[in-house]
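A.B. asks: Sharing a structure with you now.
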Amino acid sequence: LLLRFIKGPHEDAPEPYCNSRNWGWMLSGILCLNILILGCALVSGSAHDDIAIKTAHLQIYLSVLLILTTAWMIYYAVYTPRQEGAIVYKDSHAGPVWLRGGLVLFGILSFIMNIFKITSYVGYLHCDSAVKVAFPVVQIVFITVQTYFLWVHAKDCVQVQKNILRCGLMLTLSTNLVMWMALVTEESLHQTTFPKYVSNGTKHHGRSAYISKVAYGDDTCKCSHTSCRILKEAYYYLYPFNIEYSLFASAMAYVMWKNVGRVADEHSHRHFKFRLREAVLGPVAGVLLVVAGIATFIVYEIEMKSDDDLKNSHALMMHFVMNIVIVTLMSLVTALGCGIFKLDHREHVSEKNPTRSLDVGLYFSIVAMVGLGAEGYLNQLNLAWSLTTVIQLGLQNLFIIEGLHREPHHEIHPVEIVANPYLKEKEMSRDVSVGSELPAEIVLHDHHPQHEHKLSWKRRVVKEVCAFLLLGNIILWVMPAFGARPQFDHETEINFYKFNLWATVVNIGLPFGIFYRMHSVASLFEVFLLS
């Protein structure tokens, strides 16, 4: 029975195949659940000093998972494609270019971050565990292999050894989820002692306190070289990309798991041409928005490095105002697009809705602002930004759902009368025989009338809206991805929730927010093409 389960039944026996498929799903699910439960226990235990589980124990467990997953992916990449009939079908919807491109980008940045970790941990070898140096090395190998594996095989619908492959993909999924939990916990509840806000008369604002908190060694263990501080600064900007990488890989592994044994549809998908001239006002306004956002972001980052509280307040005010302007304009434009869809009478496509995701951190900010009375202009701006962003996200989700789940536009051509070609040929020969002349253009274009189609005003407006929202989401992705942290620069939420809880909220919500903006860019581009 075990041998039959491992090999998988023959395709000619549908009933055993169905039973084996259920067994494969159940076994792989149990494997994933056990890995996650053990990972949760180790992650939770390593987060507190009064528990015997240390960071080194968690890293040993993670290293074992990474090595096993890496070995399985190498086995799959080398052995499975060589089997006859193994990969007959490809899922054209799985692993889109934007997702695989994002995976490669975040993988490269995670690779760099682990290089920094190794360099920094070497400075603590004289007083800390050597596992902390070995773990980033293992992670670098894992990231390299997994990025190649998902780039090449994300679309596979494997038809052989289904049960083994389901278990292997669930191992990959659970490994990435445990890595994600460990990374979030490492940033939120690190074992180092959080520096007090008041120490020797010096005030640490949230960002500097946060950078101090993500120290690589213990407080009593001092780095033996001088580059540790610089590496910690770099780590502060790179850690969201590492968390994002785990999220991307988990999503792609889950889709591959669902596609094991699946017979994909062989219908050719409709290809749409991208014509930039179909939208002018939206791209121009969007580019201006991106330029203004980048300019204010650069000024904000420069001013926040100053020790002058007044400059910091002005920089925060500028950042809040710029974001409020961006999301307000996007909300108005999105409302216009939703109104156009209401005038559109195309049928809805019966498919599942795309993921509807909101930034959970926004709700925490709203609660903190209301709880403290929103006193002061910075608190009021922060509250206004949170509220307008929640509204913008809701409207944008509605717009994307409406745009993606409608039948494509069908061109309406003028009614034409097509004559019988055989009779027409006889008539033409008769006309030629009596010397009548037939215009050349009629002969050439009789059966292939060509029309220069002009977009209706509704479709043009939708394209303008999509182009503007696409660029708006890009700037809202760029700012947090490259270091904007008003969540730590503005201390109201830190004072309300206390540092550890607020850091946990930010570290969980920030990668999801970046993922949402990237996914929105891809979805809006698809709506642009469909319109």
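Glycine too: its Cβ is placed from the backbone N, Cα and C atoms.
TrEMBL entries are annotated by machine, without manual review.
The structure displayed is predicted, hence computed values, not measured ones.
Got these off TrEMBL a minute ago, pasting:
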TRANSMEM  23-46  transmembrane segment
TRANSMEM  58-78  transmembrane segment
TRANSMEM  98-118  transmembrane segment
TRANSMEM  130-151  transmembrane segment
TRANSMEM  163-184  transmembrane segment
TRANSMEM  279-300  transmembrane segment
TRANSMEM  320-340  transmembrane segment
TRANSMEM  461-479  transmembrane segment
TRANSMEM  499-516  transmembrane segment
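Please go over these features one by one and say how buried each is and what sits next to it.
C.D. replies: Beyond its flanks by at least six residues, the transmembrane segment (23-46) meets 5, 8, 52-55, 57-58, 61-62, 65, 162-163, 166-167, 169-171, 173-175, 177-178, 181-182, 185, 191, 257, 260 of its own chain at Cβ-Cβ distances under 8 Å.
Within the chain, the transmembrane segment (98-118) has long-range Cβ neighbours (under 8 A, six or more residues past its boundaries) at 133, 136-137, 139-140, 143-144, 146-147, 150-151, 154, 216, 231, 234-235, 238-239, 241-242, 244-245, 248-249, 251-252, 518, 521-522.
Outside the transmembrane segment (130-151) by six or more residues, the chain places 55-56, 59-60, 62-63, 66-67, 69-70, 73-74, 76-77, 95, 100, 103-104, 107, 110-111, 114-115, 117-118, 121-122, 124, 172, 216, 245, 249, 252-253 with a CB less than 8 A from a CB of the stretch.
Sequence-distant contacts of the transmembrane segment (320-340), counting only residues of its own chain at least 6 positions beyond either end whose CB sits under 8 Å from a CB of the stretch, comprise 289, 292-293, 296, 378, 381-382, 384-385, 388-389, 391-392, 395-396, 398-399, 402-403, 458, 461-462, 465-466, 468-469, 472, 475-476, 479, 486.
Listed by sequence, the residues of this chain that lie at least six past the ends of the transmembrane segment (461-479) yet keep a Cβ under 8 A from its Cβ atoms are 278-283, 285-287, 289-290, 293-294, 297, 323, 326-327, 329-330, 333-334, 336-337, 340-341, 396, 399, 403, 455, 514, 517-518, 520-521, 524-525, 527-528, 531.
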